[in-house]
Amino acid sequence: MSWRSTWNCFIWRKTRWIRLYSDRRGQKRHGTALWKPAAFTLLVGSSTYIVSICYHEMKRKSFLKKHLNEEHYSSLHNTEKNGISAKLKQIKQWWQYQLYHDKFYFAVLSLNACVFAAWILPQWTLKPFERLNLVLMRYFTSTPRFSSTSSLLLSSFSHKDVWHFMINMYVMYTFMPPFISLVGREGSWPYYLTAATFASAISHYIKVFRGAHLVASLGASGALLAVLSLVVMHNPGATLHIVFFPFIPIPASAGLASIVALDVIGLLRGWKTFDHAAHLAGTAFGILYYHYGHKIYHRIRRKVIQVLNYFS
């Protein structure tokens, strides 16, 4: 069974289930659809930033404590050295020498690759894989009527088509070094996850406004454009290259303006090849972060560190 037939079966079952309920129940579903994406986006944004700040601050303090006592640190190091096999030790050393932007990209690529592999499993004609496909459609595609609220975030790690997956991951790789240099280790994951959720939430509201409750969206494009727009805002004089025409250089500011113009036209004309609402939301997130995000982030960071110091 192909993913298209499985999706149609999923839609039919859900539609039949909804018809069994009264109009009052249906009104309740549509009412909750308006506040859940906003609440989930705020939850993801606040929790990821707070957890990241706490983790890196505690890691910094632990690192300083270890190096204050040189004997204790060396004994720990020797114990670990004797307990790990030679092969694992080589892998660990290789990983430690990698730059952080490569580690971050590898983590993003791995998550996307795992979900992509789940979509293309050839054995999904068997019953367990049919169920897996239904799970992917509920949690890894963003659809206003049927998807779980968590799909606003999870769908940004989901790709069904090879070209979609490869282009997004290639463009993401090219922007990783300047992106990490701008937001740092502490802000990399919170920025990426919040931008992805924000883009999906705006897309959700546009679909509800247009009555397109059955239109599914997936992909990392919203988060990718949030990364791209932040980098371009900091370096408007940089040069971009088109994926299929790398020999044609384009000024970064003109390239971003062209992407925004194309997405605005696509949104107004109702083009369905791409999720233009999510693209515009991701771009807007990067621009807003450039103007206001750094100040808000440092203000929150000071408050969180004060609380940590009070309880430590």
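Just so it is clear, glycine is given a Cβ too, placed from its N, Cα and C backbone atoms.
Feature annotation from TrEMBL assigns transmembrane segment to 38-56 (among others). Using a Cβ-Cβ cut-off under 8 Å and counting only residues 6 or more beyond its ends in the same chain, the transmembrane segment (38-56) has close neighbours at 149-150, 152-153, 185-187, 189-190, 193-194, 197-198, 201, 297, 300-301, 304-305, 308.
Within its own chain, the transmembrane segment (104-121) is flanked in space by residues 3, 98, 129, 132-133, 136, 140, 157-160, 165, 168-169, 172-173, 176, 180, 188-189, 192, 220, which lie at least six positions past its ends and keep a Cβ under 8 Å from the stretch. Under the heading transmembrane segment, TrEMBL lists 104-121 (among others).
The feature domain 'Peptidase S54 rhomboid' is assigned by TrEMBL to 151-292.
Among the features that TrEMBL reports, transmembrane segment is placed at 162-182 (among others). Long-range Cβ contacts of the transmembrane segment (162-182) within its own chain (Cβ-Cβ under 8 Å, at least 6 residues beyond either end) map to 99-102, 104-105, 108-109, 112-113, 116, 188, 219-221, 224, 227-228, 230-231, 234-235, 243.
Residues annotated as transmembrane segment in TrEMBL: 189-206 (among others).
Positions annotated as transmembrane segment by TrEMBL: 212-232 (among others). Among residues of the same chain six or more beyond the transmembrane segment (212-232), those with a C-beta under 8 A of the stretch's C-beta atoms are 7, 11, 108, 112, 137, 140-147, 155-160, 164, 168-169, 171-172, 175, 178-179, 182-183, 191-193, 195-196, 198-200, 203, 238, 240, 252-253, 255-256, 259, 272, 274-275, 278-279, 281-287, 289-290.
For 244-268 (among others), the entry in TrEMBL reads transmembrane segment.
What TrEMBL lists as transmembrane segment is 274-292 (among others).
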Tally of residues which DSSP labels helix, strand or coil - the domain 'Peptidase S54 rhomboid' (151-292): 105 helix, 7 strand, 30 coil
Residue numbers, six or more beyond the limits of the transmembrane segment (274-292), whose CB comes under 8 Å of its CB atoms: 191, 194-196, 198-203, 206-207, 217, 219, 221-234, 256, 259-260, 262-264, 266-267
